[in-house]
Amino acid sequence: MSSDNIKGLVLALSSSVFIGASFIVKKKGLKKAGASGVRAGGLLIVFLQEKLMSGCFSTVIVGEIANFAAYAFAPAILVTPLGALSIIISAVLAHIILRERLHIFGVLGCALCVVGSITIVLHAPQEREIESVIEVWDLATEPAFLFYAALVIAAVFVLIFNFVPDYGQTHIMVYIGICSLVGSLSVMSVKAIGIALKLTLSGMNQLIYPQTWAFTMVVITCVLTQMNYLNKALDTFNTAVVSPIYYVMFTSLTILASVIMFKDWDRQSPTQIVTEMCGFVTILSGTFLLHKTKDMADGSAALPIRIPKHSDDDGFENEGIPLKRQDAMRSASH
């Protein structure tokens, strides 16, 4: 591995540690606030008063900064899949700190993620040598990537205007599709800004180029769009369903965008490419197993087929049915 790849790897691993730890800090704060008898409606007010909340924000910010910096040194095909390691960190810390027993399927899921991550790290392509943000702009304006970006933007507009009004509240792939498509463009822009900042700090000022600020505007627009529709997905559907699907789509599209824009696979042999894909599939398998079985009681014989976000007063499960529609159903039944 090159020195830049090693730096990117260390930063990506640090990001996973901090983000994984933030889940534990947040859960401890929620438990502490909930112990006071405050119900969900007032939980946020109490939680904001807890010192653990500032700790949660701090770990998330440090983790995101490390993740941002990782893209400046290593290719997206190395950095993005390693985000799954934050799930392992949170699972292990929950086992140690929160005394949440990690069952055999959880251990297996963690092992799969680790094996897949090691496979990708050992066979990741070298980072492309770039000496100016203008080079990144030239890569972004080549016909192949412009065609990809045009397809992504067209698909996002179709989903927002044609599918969100009618199917957003009932079909999970609508919101997640928007987040994943936009996310692949945001990561490419984040990488461009990271490279610009890295070169600027080394003495070659890239802030004087309008391309740097163009990439910045793309990042801001994409991130705001992602946050909006990801929050809608989490508010409507169960997190245990949203998280793995979003991870798979976002990571897959980001790798595709990186391969098109930075031509990562042009510097690799077919054997290396196939091995990387096997590592990626292994991580996906581990991630799916961790999410699918995370609420399974120790000793359960069967895996849970579906985990609902909402249930009515009689205990009937209504996965994916929005709260407003549930209220209407209850009123009609009475």
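Start at 1 and count along the chain as shown; that gives each residue its number.
Positions of Cβ are set from backbone N, Cα and C atoms, glycine also.
According to TrEMBL, the feature transmembrane segment maps to 6-25, 68-97, 104-125, 145-165, 172-196, 208-229, 241-261, 273-290. Positions annotated as region 'Disordered' by TrEMBL: 311-334.
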Beyond a gap of at least 6 residues from its ends, the CB atoms lying under 8 Å from the transmembrane segment (104-125) belong to 1, 5, 9, 74-75, 77-78, 81-82, 84-85, 87-88, 91-92, 264-265, 267-268, 272, 275-276, 278-290, 293-294, 296, 303
When you look at the transmembrane segment (273-290) alongside the transmembrane segment (145-165), do they share 3+ Cβ pairs under 8 Å, ignoring any pair fewer than 6 residues apart in sequence?
no
